[in-house]
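Lifted from Swiss-Prot, the feature list:
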| type | residues | note |
| --- | --- | --- |
| BINDING | SER112, LEU113, LEU114, PRO115 | (6S)-5,6,7,8-tetrahydrofolate binding site |
Amino acid sequence: MNGLTVVFAGTPEFGLPCLDALIQSRHHLKAVYTQPDRPAGRGRKLQESPVKEWAINHQISVYQPLNFKNQEAVDELSALKPDVMVVIAYGLILPKAVLEIPRLGCINVHASLLPRWRGASPIQHAILHGDAESGVTIMQMDVGLDTGPMLCKAACPVTSSDTAGSLHDKLAKMSVKPLLDVLEALASNSAQFELQNNELATYAGKINKEEARINWHQSAVEIDRKIRAFNPWPVAYTLAGELMLRIHQAKATDIMSTEMPGMVLNIDKTGMLVATSDNALLVEKIQFPGAKVISVRDWLNSGKTQLHTGLMLQ
């Protein structure tokens, strides 16, 4: 049985473990599609995507169409004659004309247990909503938003200390085996498809910076989830006077408080205790504008005074 001719489409780091596995597999990785280089950083220099950097390092052809609205981009893909297209966080909509090019269709590695958390930010939403488990789903793509029939699922627990960053890394690594299993099943014509139950679908819309502000009138558990879900981006924040204070790490406590939500109850080497709508939140790692991430303990040792007991965080 011959290996499959694979075209890969993806942009961020999430797809790199699967790319590493693909190039070592018996399948033939013919080309990589990724988003165009974008300006980034203070100098606004054009930056290549992690997937493009990987492809160049491995001497794989790279294609970067703006979209697939023009026939030229569609024809270019068609000329590669792929058996299958593997799509992981590509970031471009694939029209029906593109989905129909590969002989075995396009398959997507999605970072949730579908049909829960269809959409752009499944990892963040799993943490925000306190899900006990997350995982990856390999599905056949159709024109809907993460609505296609499922080929394989793999689950993992979401721990109370998981951030979007740590869960992202776990799911990226655990995507490899289910993807390779699905490719083998497709190659041997033994793939099993399971339709999604649309009644169970939930949607994870795109996260934006405006959502990152902490509402101290929420519970300590809800605020803790938000801080973890928004780490490493966009990072949850509050206002300490007129200063934006980013909070990188905190945990809910069982200390009850009757003070106004947002009031700093205490600061010591264990952290900064802040009142919420129920129990206090212990803030452990912070970042002031233009400064590095620092533990509250180290901040106290620095002798600075912007934070103090009785301060109202907004």
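Glycine too: its Cβ is placed from the backbone N, Cα and C atoms.
On the structure: features taken from Swiss-Prot.
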residue: SER112; record: (6S)-5,6,7,8-tetrahydrofolate binding site; Cβ within 10 Å: 24
residue: LEU113; record: (6S)-5,6,7,8-tetrahydrofolate binding site; Cβ within 10 Å: 20
residue: LEU114; record: (6S)-5,6,7,8-tetrahydrofolate binding site; Cβ within 10 Å: 27
residue: PRO115; record: (6S)-5,6,7,8-tetrahydrofolate binding site; Cβ within 10 Å: 20
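Listed in sequence order, the residues HIS110, ARG116, TRP117, ARG118, PRO122, GLY135, THR137, ASP146, LYS153, GLN196 complete the 8 Å Cβ shell around the (6S)-5,6,7,8-tetrahydrofolate site centroid, once SER112, LEU113, LEU114, PRO115 themselves are left out.
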